[in-house]
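These notes are about the structure you will find just below.
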Amino acid sequence: MKLNKIITTAGLSLGLLLPSIATATPTTFVHLFEWNWQDVAQECEQYLGPKGYAAVQVSPPNEHITGSQWWTRYQPVSYELQSRGGNRAQFIDMVNRCSAAGVDIYVDTLINHMAAGSGTGTAGNSFGNKSFPIYSPQDFHESCTINNSDYGNDRYRVQNCELVGLADLDTASNYVQNTIAAYINDLQAIGVKGFRFDASKHVAASDIQSLMAKVNGSPVVFQEVIDQGGEAVGASEYLSTGLVTEFKYSTELGNTFRNGSLAWLSNFGEGWGFMPSSSAVVFVDNHDNQRGHGGAGNVITFEDGRLYDLANVFMLAYPYGYPKVMSSYDFHGDTDAGGPNVPVHNNGNLECFASNWKCEHRWSYIAGGVDFRNNTADNWAVTNWWDNTNNQISFGRGSSGHMAINKEDSTLTATVQTDMASGQYCNVLKGELSADAKSCSGEVITVNSDGTINLNIGAWDAMAIHKNAKLNTSSASSTESDWQRTVIFINAQTQSGQDMFIRGGIDHAYANANLGRNCQTSNFECAMPIRHNNLKNVTTSPWKANDNYLDWYGIENGQSSEAEGSATDWTTNVWPAGWGAEKTVNTDGFGVTPLNIWGEHYWMLDVDMDCSKAVNGWFELKAFIKNGQGWETAIAQDNAPYTSTNHMAQCGKINKFEFNNSGVVIRSF
């Protein structure tokens, strides 16, 4: 074996092999599951690079069987770069653009098997009866089935029989090894920096060692070895050939966050019998176990909302392993379903967070957790651990950072010791430090002169601060807030069970070209800070909790998953006697309001808004009717201050619109 091919997470956490345009050493990679190459490239440029992600794991790029299911990508037909993700030219373009953004590409690589059955692949190649463009029947093991009982006691069958009927390559064969190595070397020549070896447990570790001897350079390699204990093939066998997926991490973290006590986690990692940190790739969930297979257990997924946030915050804050963030799509209970038919970057619209792509890597608690890990990599130890013996914990990373999680229904109030310098810090889970370090877009945490923090963390919430998120309080911020009451009315005929939400702010392209705001990197730059005035409607009030911005991205962290943006309330100017007892906004949160002088079916957003974020007093918005018409179409409003396909409203005014109509009435209070 070639020792120079061993890459460890210790090296990764020190920044080896990982270029970055971010301000700190990248320490975390993300799996953009089933994203096409154009979307990956755009995400590298607009978000992953600026946010400090180290790399992207992409779906297998080689030719595969046809079909819409996600697992068709895991049935190879050839090693031609023609897949559902795109063609060779598009793949090369993605690698180059991501590299320029400081983000490496890791390829999911299928070394154990080829496709089952017969047919035609995505590049037009035919296959069948173990005959493929690059392999013949003699390149495969004899057909036999892996039984469930084999995993505990029959190494031979696990590594020589067929995984779910897939043609099992003879990976001890020199020809097979040379063919796979040629594919890997081709990808490296393009610029790929790492490889996930799928189903590595089904390939003898000695075969992988021989394969790696034929691979050029020193790519990052991490091997999928599902080992929950009691296996005929153990994960420890693969430590000499690269990094290894630590599935016990995902299972035990899920068990603890769901049913246990976070206080147990003070020695999480090797102290729990896991492999050495320097060898482990860790994750809260992955594309297999979030669907209930592939090492599944009591796994936490995006469907768990805030619990998922908190589990990822812990993973990213705790110094163990090389973490992988999962970026999923909503499969609506169909575990075979492929990705959404709409691209992530859809003609200027980001199809994230709702019922299509979930984009967990953009959730502020997860992106903030990555920022925390990047900026605490120089202190690879836990300091000042504190817990309440149950589900409130806090710990530090020396003088580099400190964090706390409250997974209880009551507020966490405690004074904890840190090793950090005194001052005010931005809670990077909830906001971002301004470029001049004079303000934070979210919560500010104070470290006292003695290094303590007086924690006051709400139920099911968290905080994380680091040395590079410290506010410069020597002078006041140059931009003063200008909070003014602002009301939006949008008329739309709706039915029972339908509700209207509004998204808005400043158009990203306009802000970048004319205002110098990079809103692709930071949505806060184009969002309008708001405070809801009407919290009396029992239906919409829960949707307004933790809705602090009128923005383009919908659900904010801590906001109800039922929300589709900023919730509005149904209003009218009169209440006929035939409707029963009169309902009013003042008493009930919906119904009659003196602000509505037009008629029924006017949905109202009543907020205080920071007008200092508007463009000469103007901002944009668009409505969405849940369980109804969906989004409005393009708007062409007369006398708009600049060209836009959205409604244009004035901050500090009453603005009246019609759904899917370009007209507007604006009046003062």
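Using N, Cα and C of the backbone, Cβ positions are placed for all residues, glycine too.
Features reported for this protein in Swiss-Prot:
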| type | residues | note |
| --- | --- | --- |
| ACT_SITE | ASP198 | active site, nucleophile |
| BINDING | ARG196, ASN286, LYS324 | chloride binding site |
| SIGNAL | 1-24 | signal peptide |
| SITE | ASP288 | site 'Transition state stabilizer' |
Looking only at Cβ atoms, how many others are within 10 Å of the one on ASP288 (site 'Transition state stabilizer')?
19
Between the two most separated Cα atoms in ARG196, ASN286, LYS324, the residues recorded as binding chloride, what distance in Å do you get?
13
About how far apart, in whole Å, are the alpha carbons (Cα) of ASP288 (site 'Transition state stabilizer') and ASP198 (active site, nucleophile)?
11
Could you check what DSSP calls LYS324 (chloride binding site) once collapsed to helix, strand or coil?
strand
For the binding-site residues ARG196, LYS324, which one has the sparsest Cβ surroundings, going by other Cβ atoms within 10 Å?
LYS324
In sequence order, which residues at least six apart in the same chain have a CB under 8 Å from the CB of ASP198 (active site, nucleophile)?
PRO60, TYR74, ASP108, THR109, LEU110, ILE111, ASN112, GLU224
For the chloride site given as ARG196, ASN286, LYS324, which other residues of the same chain have their Cβ within 8 Å of the site's Cβ centre?
HIS31, GLN57, PHE222, GLU224, THR245, VAL281, PHE283, HIS287, MET326
Going by DSSP, is ASP288 (site 'Transition state stabilizer') part of a helix, a strand, or coil?
coil
Tally every other Cβ atom lying within 10 Å of the Cβ atom of ASN286 (chloride binding site).
25
